[in-house]
Amino acid sequence: MNMNQVAEYVETDPTGRYGRFAEILGRGAMKTVYKAIDEKLGIEVAWSQVKLKEVLRSSVDLQRLYSEVHLLSTLNHKSIIRFYTSWIDVHNHTLNFITELFTSGTLRQYKNKYLRIDIRAIKSWARQILEGLVYLHEHDPPVIHRDLKCDNIFVNGHLGQVKIGDLGLARMLRDCHSAHSIIGTPEFMAPELYEENYNELIDVYSFGMCFLEMITSEFPYSECNHPAQIYKKVVGGKLPGAFYRVGDIEAQRFIGKCLVSASKRVSAKELLQDPFLASDESWMVYTSGAGNPKPFLNENEMDTLKLEDDELRTEMSIAGKLGAEDNKIDLEVQIAYDNGLANNVFFPFDIMNDTSIDVAKEMVKELEIIDWEPVEIAKMIDGAISSLVSDWKYEEDDETPHDHHRHRTDSFHSSSSHASSSQASLSNYMARGLQDWVQDDLHDETYSQSSSHSGSYSNLNYIAVDEYSSQSPVMSRTHNMTRFCPEESSHLQSGQANAYAASSSTNRSLASDNRTLTRNRSLVDVQRQLLHRSPGEEARKRRLFKTVGDVETVGFQSPYAVSRKPPSSRR
């Protein structure tokens with residue numbers, strides 16, 4: 001049916017609430033199941049229709065069947081298919097009843113579709129079926145299903161849920177404790193049923209045959225070619241050949257308890273307590289009635305979470321320009337995603353002290369890059385530097401990291417002492433300022449709108465920080481900075497300081513443990529930030545990009561209330 005085509009009803013129930021379509025969901029010997037709609041609730045339902053002239057011979061039988069199906073509609077259990085209503089169409093000689101619709105068909109269809117089902121899942125199904133049988137057998141009056149088989153057990157595969165259905169042939173035991181009519185499927189019929197003197201234990205026998213089929217994926221007595229052969233074996237106490245092909249001894253013992261003679265057969269309630277069915281719910285994601293699983297909120301698993309469904313492959317390019325200081329190169333990494341988003345990351349490179357391979361490894365770690373190898377990134381860094389420094393050479397020599405990528409003349413003098421002094425001075429500028437602007441500026445219009453977490457690595461546009469005068473108050477340092485996310489100075493211009501202090505007073509407790517916000521929210525794009533700074537401030541800012549630290553927790557706040565280890569620092 002075309003999705004835009006209006007579905008036409010073939011017929012409706014007497015109230016007009018349920019409308020039946022021509023689409024057939026299943027067909028049995030006496031019943032056809034159609035798809036229907038409940039107009040009141042707006043849900044799809046199953047419309048079962050029984051041709052009465054094929055199963056009934058008198059008006060007494062007709063009234064009895066209608067009464068029993070009507071009573072069955074009052075049953076309410078999680079392992080019993082839900083009945084909504086039933087009625088007899090006198091003109092068409094049909095019995096109709098509405099039940100809930102199942103998404104995965106019958107248990108036989110489901111098991112034949114998925115052959116490699118774990119025994120623990122099969123045990124879960126068995127427990128659900130037995131719970132339904134216990135409910136039926138302890139009902140007042142007791143209810144015998146009389147036709148329990150995998151074709152009459154229905155599955156919601158996305159929930160791991162099974163329910164007993166097709167109760168139209170069930171029989172209620174009223175004043176007596178046994179029934180006397182022969183009805184059912186020969187392969188699943190207990191020996192005493194042929195003798196026309198039986199009770200609810202015939203359902204336990206049928207359950208044993210169902211479990212045998214679930215374990216072996218074989219229809220019971222498939223070796224027989226005629227119902228008469230099946231009858232002869234059943235009344236003679238001969239078990240189906242599939243029983244002897246069960247590899248699990250405990251499973252075979254469990255099935256055998258169901259298939260013994262009625263005098264030795266246990267009830268469904270006793271069978272439910274068998275050690276073989278002992279529940280081990282620790283392995284399951286869903287169990288019947290257990291609801292949703294608890295989230296795995298621990299540090300190791302949180303690190304593996306992806307905030308978007310699809311991994312985006314990235315394109316990367318690196319360009320550079322001479323820095324304001326000797327021996328410094330300002331590098332820009334451009335990262336472009338397939339969805340059109342892009343990121344620019346700016347960082348300094350000290351040609352006398354840094355090596356491209358070390359910086360590349362740092363990039364992979366700090367920016368969580370998974371689709372580029374450090375060696376590939378190092379080559380791009382070398383290419384950018386060699387375009388500015390003619391005698392820069394690249395060597396793949398991991399054994400000599402201090403000489404790696406540093407082959408040039410003395411046109412640049414060493415700045416190691418300057419870097420050291422800058423690092424020492426940075427220890428005097430503290431993280432409270434960083435925490436304040438992280439908290440206050442989350443919704444500033446200057447935040448970059450061009451980045452979104454790809455599931456591969458953090459694509460934050462990091463803020464470049466200013467260096468302020470020596471008159472700023474000295475504060476204790478709480479975490480290190482990296483070349484990709486430098487630490488914000490705590491000394492602010494007078495107009496900004498008050499705003500930051502106000503934010504800090506309300507958010508300090510949160511900022512002290514969670515200095516970050518969700519990864520897929522970008523920080524301020526550095527180039528847009530530069531538009532608001534004077535050339536002097538820009539020059540001072542560049543001198544702060546000198547150290548390598550840990551950026552793991554900068555710019556990220558855990559979406560769950562879980563404990564996190566303090567970020568490790570590195571140089």
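Keep in mind that glycine also has a Cβ here, set from the backbone N, Cα and C atoms.
Per Swiss-Prot, domain 'Protein kinase' is recorded for 19-277. For the domain 'Protein kinase' (19-277), the model's pLDDT averages out at 87.
Other C-beta atoms found within 10 angstroms of the C-beta of K149 (ATP binding site) number 23, with every protein chain shown included. What Swiss-Prot lists as ATP binding site is T99, E100, L101, F102, K149.
Taken from Swiss-Prot, the feature active site, proton acceptor applies to D166. Counting only residues at least six positions away in the same chain, the Cβ atoms of G28, K31, I81, D147, D151, N152 sit under 8 Å from the Cβ of D166 (active site, proton acceptor).
For 396-425, the entry in Swiss-Prot reads region 'Disordered'.
Among the features that Swiss-Prot reports, compositional bias 'Low complexity' is placed at 412-425.
Summarising the annotation, Swiss-Prot assigns phosphoserine to S522.
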If you run the three-state DSSP split on T99 (ATP binding site), which class comes out?
strand
Around the Cβ of E100 (ATP binding site), how many other Cβ atoms lie within 10 Å? Please give the count over every shown protein chain.
17
Would you mind checking how many other C-beta atoms are within 10 angstroms of the C-beta on F102 (ATP binding site)?
21
Based on the record's binding annotation for ATP (T99, E100, L101, F102, K149), what whole-number value in Å is the widest Cα to Cα distance?
19
For L101 (ATP binding site), nearby residues of its own chain (Cβ under 8 Å, 6 or more apart in sequence):
L25, K35, I43, E44, V45, A46
